[in-house]
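Report on the structure given below.
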Amino acid sequence: MVKHQPLQVYEKQVFVSFVTGIYGCRWKRYQRSQDESSRWECTWFVILCSSFLLLLFWGYFWLMARNDFNDFNWLVYNRSGEWRDETMPILASTTVGFSYVTFLLILALFHISLGQQLNLYWVHKMGVLATLLTTISGVIFVDDLWGDEWDILLASLQYTAPFLHLGALVTVTAISWLVAGYVVRREKSNIQVMVLFIYIVVLLALCLAPLTFTCPCIMDRHSLKPRPSVIGRRGAPMLAPENTVVSFNRALQHGASSLEADVTISVDGVPFLMRDHTLRRTTDVTKVFPARQYEDASFFNWTEIRSLNAGQWFLESDPYWTAASLTAKERSRIGNQTVCSLVEMLRLAAKANSSALLNIHKPPPEHPRYRSWFMDTLRAVQKAGIPLKRVRTVTWTPDTDRGRVRGLHQTTSEKLSVEAIRQRGITSLTLHYSKASHKELQEYLANNVSVTVYPVNEPWLYSILWCSGVPSVSSDAPHVLRKVPYPIWLMSQSAYNFIWMTSDLVSVAIVIGVFFFQKWRMSGMQNYNPEHIMLSAVARRSSRDVNIMKEKLIFSELNNGLSSTEELSLYPENGYVRYSHGGLSR
């Protein structure tokens, strides 16, 4: 016997209680409502969806940007002066935020499916808002510090577009149940028409999206070019300190066909290998020469440079999380590394019968070797005994100085037209993977222009460039690319067209079937009337739809004159409904 609380007497619904309890902290049945959600709560649902989409984009960006994690940390180091792996906190916070928002979104969709009112608990509102603002701040920070990295999204779509298309198609097909349930209601409104229109446009856009795809790996298997050769970029910096003898040795051991290094000229004219402008990051200059730690590396003489330790920093900072896998012997050898000279690296390349790619940094104007740096480089090449034809140079100098490097094959990192390449006497291009499209690469290769793409550290990017026919790539991870004997996926155009069209037809058929089923289902519910409900109450277990109609009938009777002294008894297990006096009984 219950007074004025008819909702409390129905059977417990554990799943509904769980969904509404976690989402809105509404654990009791009388706290829930199947009325329309307020505009304020609908606004929070939109914010929740926006947070999910932004985090999905943000997570995808960092998944693809893994290829360039070391470059990101290097940029942060140049700004802050301290070397730290800044990617780990970003990845951890993104994973937590995405999991949290995704869980809330699933609960919200269950609310819509169950016909429950959307009432997000205030704690979750604060959590969603904090996650959204944090993600927006991260996007702004990356755009300011690392704006060029957005290009990796376009590059990655050449690899992931077919799979993203199928995933999006499955998702849009799945939510057709919710869209259909909302659109086919008896009460029609402009919002319903707008929702239906937007859904149809999105579905059609997804079905036709493959027409815009440019995927190099959708090709005839017999047209695949030979495997691109791998150049050890600063050796194998994931396994040993960059630009050291042990790093170059590890690169050769893992199948690198060539070695790439950054060359700086010392104050006494000795070319040595150093990426940074200072010696702080990769040597112990702060201990040996603390007063000169911010001084340009080229203003040290070779004796001073040779006295520095160039390996201990790798063991201490562990930039690639690989130091723990080193043996005691390897750690001892790495810990005793010194700065490598250009002659040492070229002799190692000559001994291994490999070639070399040199990124030569021209000294500043006040440097004593400003006008003779190219002669210093040539003397080092001749001293190493490596044939000139196996040495390529990338000089950060104007065209007027480029021709002065005699006898060396010259390359450029500037994207030029085929005509400009021929006019300047450049033999090859060294391009960032984001600077040349698939079409442009094909044009270069068709005109016999050799192209080396950098940095290529992930198998997916290596696979794309392999399918594009690129002859060589520069990599920080030759040990990873060595494990890619074939493109990760390769598919003929006819096979992909079959998959694409079949998935589109199946999706459209399912969506149409869902809309018809929801229309039939809602029309059946709308045919119920109070007399029908009373007569069908003898059933042992009423359907959910009938229970809903019963509740509405009871509330209607209460609102139409049931006094505070009247009592209502419900016996759902026996299908028995009775008012205590003067009212309905059966």
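Positions of Cβ are set from backbone N, Cα and C atoms, glycine also.
Annotated transmembrane segment per TrEMBL: 42-63, 90-110, 122-142, 162-184, 191-213, 498-517, in sequence order. If you look up TrEMBL, you'll see 228-485 marked as domain 'GP-PDE'.
In terms of C-beta pairs under 8 Å, the stretch of 42-63, 90-110, 191-213 lying closest in packing to the transmembrane segment (122-142) is 42-63.
Listed by sequence, the residues of this chain that lie at least six past the ends of the transmembrane segment (90-110) yet keep a Cβ under 8 A from its Cβ atoms are 19, 22-23, 45, 48-49, 51-52, 55-56, 58-59, 62, 116, 118, 120, 124, 127-128, 131, 134-135, 138, 175, 178. Proximity of distant same-chain residues to the transmembrane segment (191-213), defined by a Cβ-Cβ separation under 8 Å and at least 6 residues beyond the stretch ends, is recorded for 157, 161-162, 165, 168-169, 172, 176, 179, 182-183, 185, 496, 500, 504, 507-508, 511.
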